[in-house]
Amino acid sequence: MITAERMAAVDENAAALGVPRKQLMESSGNAVAAAVRRVADPDDSVALVCGRGNNGGDAFVAARFLDDYDATVHLLGRPETISTDIARENWTALERAEYDSRVVRDSRDLDLGAPDVVVDAMLGTGVAGALREPERSAAAAINESGATVLAVDVPSGVDADTGEAAGVAVDADHVVTFHDAKPGLDDWDVTVADIGIPETAELFAGPGDRRVLTRPGDAHKGDFGEVLVVGGGPYTGAPALAAQAAMRAGADLVRVACPRAVAREVQGFEAGLILRPFDGDRLTAEGLDHVRTLAADHDAVVFGPGLGDHEATLAAVGDFLADYDGRAVIDADALQVVPEVETEATLLCTPHQGELRGMGGPSADDWRARLDAVADFAADIGHTLLVKGAYDVISDGADARANRTGNPGMTVGGTGDVLAGMAGALLSTQEPVDAATLAAYANGLAGDRIVDRQGYGLLASDLLPELPRALWGGRDE
Ligand SMILES: NC(=O)C1=CN([C@@H]2O[C@H](COP(=O)(O)OP(=O)(O)OC[C@H]3O[C@@H](n4cnc5c(N)ncnc54)[C@H](O)[C@@H]3O)[C@@H](O)[C@H]2O)[C@@H](O)CC1
Ligand SMILES: [K+]
């Protein structure tokens, strides 16, 4: 099953892998024609009723595969208003090649004739809300035609994610949908057509995974959350890096809870950090009330950077998790506590492979085998895992993803703290598996860009100014 939003992300990832959408449209159109053949007799007449988006484009392509039928293409609206280049190019091809293609300027002009089969290619997954004119009248005409109706991707007017229609919708006999089943189409007779999207477009993080983020231009305060970093004690750079990464990843507000003994040092890394220190030189049961009160006021907590592995600290981490029910990224020494504690919290754990073994998790040399094993382990512990490596593997037990951005220059200390902080910012608004995927992708991409520019010799702090562009940079970079 795939949602419309995820489908758009996968489509963008496929394009980044070198399989552009126009190629997918050719496959979709071919699949639509094959579906027409299954329901039409050789002498049947076929009316293809097309909207101005890519759903219509699929039917323009299909027409070229239906030369042996009496087929007519009806475009709802003027050709100049076709909304994508690839759909327009396919429309122009129909006109030049002298297909029976008709422009319907007004819903009253739609004359379907008496077709045996109607292909409904008005609107697909790109649409929200009730059908507007001329699509609304066209849907009524299709429903009254008595023809066998084959819908392209989704019956026009129906929401592919929910199966609900906000108003008039096409009453389809069959649906040919692309790549994977859609959650809302259970009640229809659906054929899923493989359109040649590589498996790795779905598996590997890519530019499409950034679509879950609000673009900076449209962003408002409050679109992102407030993040609390709990760290520091034996180390001071780690919580500072994590907090700065959360800020660079767009968090509305980031605060750091660290031991008072190291607060000045942590502050010294960046004047803009907001510190909320607790007494002592490391986290122990004593600091816990303070941390609990703070955590309750934040959308996500990043737990672990620089905390160290003192017995009292690990016990405090366990006590915290035992009665925390919010969202948290768990990194570094805090990770070993996770398998031992019962918690209502939603955790995103970010171990490297050694830390994963320390959690009692699996090890495998081959990344695909590791992905399967990590998915099982994530299901076991009931939390999301992002296991860092040359190929990062990510799973919440249901979804499994991998990331291959990043380079050997990033084995330097601190890059994991940057990843954890960014993951915390993303976790405050996104599903854990999406936050993990995007954090891994952007962290690696930032590192790749630095190494492309200057070669190895990268510092973790070099990543920080690169993060915004890695998260929001041009879609086609
Ligand atoms: N990977 C993919 O996602 C692929 C998608 N393809 C096709 O592309 C479709 C999605 O294409 P688009 O994103 O261009 O979107 P659609 O073709 O679904 O709809 C966009 C058009 O609908 C109009 N519109 C929006 N809301 C409306 C309303 N309420 N009433 C009337 N008109 C409305 C818009 O102005 C625009 O012209 C899919 O359903 C599928 O058929 C395929 O070509 C191949 C691969
Ligand atoms: K449709």
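Cβ coordinates are placed from backbone N, Cα and C, and glycine is handled just like the others.
The domain 'YjeF N-terminal' annotation in TrEMBL covers 7-203. Marked as (6S)-NADPHX binding site by TrEMBL: 54-58, 124-130, ASP153, ALA238, GLY306, HIS352, ASP417. The K(+) binding site feature in TrEMBL is assigned to ASN55, ASP120, SER156. For 204-474, the entry in TrEMBL reads domain 'YjeF C-terminal'. According to TrEMBL, the feature AMP binding site maps to GLY416.
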Restricting to the same chain and to sequence separations of six or more, state which residues have a Cβ under 8 Å from that of ASN54 ((6S)-NADPHX binding site).
ARG21, MET25, THR84, ILE86, ALA87, GLY124, GLY126
Show, in sequence order, which residues other than ASN55, ASP120, SER156 on the same chain lie with their Cβ within 8 Å of the centre of the Cβ atoms of the K(+) site.
VAL49, GLY51, GLY56, ALA121, MET122, LEU123, GLY124, ALA151, VAL152, ASP153, VAL154, PRO155, GLY157, VAL170
Between GLY57 ((6S)-NADPHX binding site) and ASP120 (K(+) binding site), the C-alpha gap once rounded to whole angstrom:
12
Using DSSP with the three-state reduction, classify THR125 ((6S)-NADPHX binding site) as helix, strand or coil.
coil
Filter the binding-site residues ASP120, SER156, GLY416 down to the ones within 10 angstroms of HIS352 ((6S)-NADPHX binding site), Cα to Cα, kept in sequence order.
GLY416
Within the chain of ASP153 ((6S)-NADPHX binding site), which residues six or more apart in sequence place their C-beta under 8 angstroms from its C-beta?
SER28, ASN55, ASP58, GLY124, THR125, ALA160, VAL175, VAL176, THR177, PHE178, LYS182
What binding-site residues in ASN54, ASP120, THR125, ASP153, SER156, GLY416 place CB under 6 Å from ligand 1?
ASN54, THR125, ASP153
If one measures from the C-alpha of ALA128 ((6S)-NADPHX binding site) to the C-alpha of GLY416 (AMP binding site), what distance in angstrom results, rounded to a whole number?
40
Listed binding-site residues are ASN55, ASP120, HIS352; which sit with C-beta under 6 angstroms of ligand 2?
ASN55, ASP120
If we count other C-beta atoms within 10 Å, could you say which of the binding-site residues ASP120, THR125, ALA128, SER156, GLY416 has the fewest?
ALA128
In whole Å, how far is GLY416 (AMP binding site) from SER156 (K(+) binding site) when you measure between their Cα atoms?
46
If you count Cβ atoms within 10 Å of the Cβ of ASN55 (K(+) binding site), leaving out that atom itself, what do you get?
24
Compute the average pLDDT of the predicted model within the domain 'YjeF N-terminal' (7-203).
96
With every protein chain in view, how many other Cβ atoms are within 10 Å of the Cβ of GLY57 ((6S)-NADPHX binding site)?
31
Using a 10 Å radius around its CB, how many other CB atoms surround HIS352 ((6S)-NADPHX binding site)?
18
